[in-house]
Structures are given as C-alpha cells and as structure tokens.
Amino acid sequence: MLRRKPSNASEKEPTQKKKLSLQRSSSFKDFAKSKPSSPVVSEKEFNLDDNIPEDESSVPTPEDAEKSGKKLGKKWRAVISRTMNRKTGKKMVKALSEEMGDTLEEGSASPTSPDCSLDSPGPEKMALAFSEQEERELPALSRQASTGSELCSPSPGSGNLGEESTAPQYTGPFCGRARVHTDFTPSPYDRDSLKLQKGDVIQIVEKPPVGTWLGLLNGRMGSFKFIYVDVLPEEAVGPARPSRRQSKGKRPKPKTLHELLERIGLEEHTSTLLLNGYQTLEDFKELRETHLNELNIMDPQHRAKLLTAAELLLDYDTGSEEAEEGTESGQEPAVSTVADPKVDIPRDSGCFEGSESGRDEAELAGTEEQLHGLSLSGAP
C-alpha cells in the first residue's frame, strides 16, 4: 500500500516565513501597525471668548497640522485665523507706532514744542486707539451704505423749490377757472402735478383733450386732472349803460312851471303865464309863437327859450308814452302766445324805444343848458 509522504511545512525555513509576512503586510497596508489615537475631546465645552495663549509654542500652526496629518475642526480653524489676524494687526500697529514715534521725536526736537514729549501718547495707547478706530470705521461704513439711498434719492420739495425760484411766474393769459372738489396728493416723484385741496381755485392755462389740464395754483404752474375740479362759469360782464349814468349826472325833469322857468332864467314871465291859463307843464307844452304874441313877449331870446323848452317837454312826454306802449306790446304777445301758440305775432322788446327816451332826456338837458347860456349872455 502506498503511503502519503508527510508534508514538510514545518520544515520551512524562517526566512520564507518572514518573506510571506512582509508580502502580506505590504499587500494589506500594514494592519499590524498601531492605529493613531483619536484626539481626546475635553468634557468642558469649547468657547471662543476664552483667553487663548498667544505664544507660538502653545498654538498649533498650519505647518504642524499638515505634518501630523490630523484633521482640524472648524473651531480650531477659527482659533488659528483669529490668532493670525491678531499677529498681523499687532505688526501693523507696531509699524504705525514707530512712524508716529519718529514724527513725535522730530516734533520734540523743534524749539517750538518743548513739552510735546509729556503730552505725546505712547505706542500702547496708539495701538488701542488704532484698534478702536478700526472698530468704529466698520459701523460707519454700514451706516453710509444704509443711508446712501436716502442721500441719493432727491427730496420732492428741494427740486420744486429750485424750479420755482429760477422759473418766472406765469401771468397769463388764462382760459377759465376751476374749483377743486376732491383732495389730491401727487407722488413725491411726480414734480409736474399740483397738490389739490378742496376749495382751491385754479387758473386754467390749457385744456388738452387728454384730460390732464395745465393750470396755476398758489403761484406754481403744474398739471392736474379735470375729474378733481369743477369748471366755474365765466362772469358775464354786461355792456355799460351810458344813458343811465348820464341821466344820474344831470338834473331831473322839472315838476312845475315855476321850476322850469327858474332853470331857464325867465322867472319874470311866471305871473304872465299863470294868469293866461298856463298853470302846469301840460299847458306849457302847447305854447306857440302866436301865444307869445298874445302874451306880449317880444324879446327874441326869451321867445326862443320858451319855445325850445315847450318843444323838449312835448318830445320827452311823447317818447316816454311810446316806450310804455312798447313795453306793454312786448308783454301782450307773450300772453297771446301762451294762450294760442299757433298765432304768429312779431315780438317787440322795446329796447329801441327806451334808447329814444334816454336820448330825449339828454336833448332836454342840453337845450336847458343852452337856454341858460343864452340868458347869461343876454343879461346886461
């Protein structure tokens, strides 16, 4: 029977075992090597506000961290950046303090300021002042950024005041007036619109068909919408009536014969006329040349005055009667048209007759003045 030969695994040389172990270790990344221990987390909670030593030996630098291969946390990175900022800040402060010290030494060497060294601040005070200045500059910049828009945005009042001061005030012409019935406050960015208050009266300059009119309010020219205003009717200025004004300035019609004779300066003939039947003005209107012959009034000036006064009285009375008839005839067609609208009756306003009566009054007053002038010229 065949027998199996015993294996010679145990008889292998130690050198071969060492080779195998080296191969395994190299292929499996050296598991036998001890693993790096994880950093121990302290039970006390880390706080950035705590005082951290600023010595180079106590604080790990970025180079040491890269050599060790340890991963730093966010807290450590913050600590490192803080320390680096402090170091750079100190260097800048030292450089500034040295420059300031040099300038102060130059100032102390001058004879004009012998006591400058006593009042000059030291480098430590300068460093504190510099740090405080940096802290103040940050909020100042933020304030400037926040208020930048306010400064840049133009206020509505400033632009309007500038325009009002430079632009001359509009004086006319105007095409009407309008009263505001609804308050309206325009946008602060709209410089052309007018601020309207109820009861304001606007002088209208232009009425375009678009609906936004142009007007003058409180000395300021601007636009406004017609829906906020009511157009005021234009004041109808009637034509002047010179006849009434002239009649007011002149004397009224005499009421008695004696008053008429006093005006023309012939009071001496009053008794003669009264005794011969001329008691009133109605009787005096019928005076003729034949009557003067019967009354034995032969003075040509007196005869002319008396005849002219009688004619003017007659014309004045006939004119007034015709004016009254004209007014009555103007009223009668209106009544008839109401009763029977089909009847066609010519209308008469009586304006023409009224003008003749006023003209007669003026002529009567003019003749009286002429008679008075003749009497004065004929007097010795």
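Including glycine, each Cβ sits where the backbone N, Cα and C put it.
Marked as compositional bias 'Low complexity' by Swiss-Prot: 22-41. Annotated compositional bias 'Basic residues' per Swiss-Prot: 84-93, in sequence order. The compositional bias 'Polar residues' annotation in Swiss-Prot covers 143-158. Here Swiss-Prot flags 318-327 as compositional bias 'Acidic residues'. Here Swiss-Prot flags 173-234 as domain 'SH3'. The domain 'SAM' annotation in Swiss-Prot covers 252-316 and rests on sequence analysis. Residues or ranges marked as phosphoserine in Swiss-Prot: Ser27, Ser34, Ser42, Ser97, Ser110, Ser113, Ser120, Ser320. Marked as phosphothreonine by Swiss-Prot on the basis of similarity to another entry: Thr61, Thr103, Thr112, Thr318. Here Swiss-Prot flags 1-174, 318-380 as region 'Disordered'.
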Ser97 (phosphoserine) and Thr103 (phosphothreonine), distance between Cα atoms, whole Å: 10
Rounded distance in angstrom between the Cα atoms of Thr318 (phosphothreonine) and Ser97 (phosphoserine): 122
Composition by DSSP (helix, strand, coil) of residues within the domain 'SAM' (252-316): 44 helix, 0 strand, 21 coil
Three-state secondary structure, which DSSP defines for Thr318 (phosphothreonine): helix
Model confidence over the domain 'SH3' (173-234) (mean pLDDT, whole number): 88
The domain 'SH3' (173-234): DSSP-derived helix, strand, coil residue counts: 3 helix, 30 strand, 29 coil
Modified residues listed as Ser97, Thr103, least Cβ neighbours within 10 Å: Thr103
DSSP helix/strand/coil residue counts for the compositional bias 'Basic residues' (84-93): 10 helix, 0 strand, 0 coil
Number of other Cβ atoms within 10 Å of the Cβ of Thr318 (phosphothreonine) across all protein chains: 14
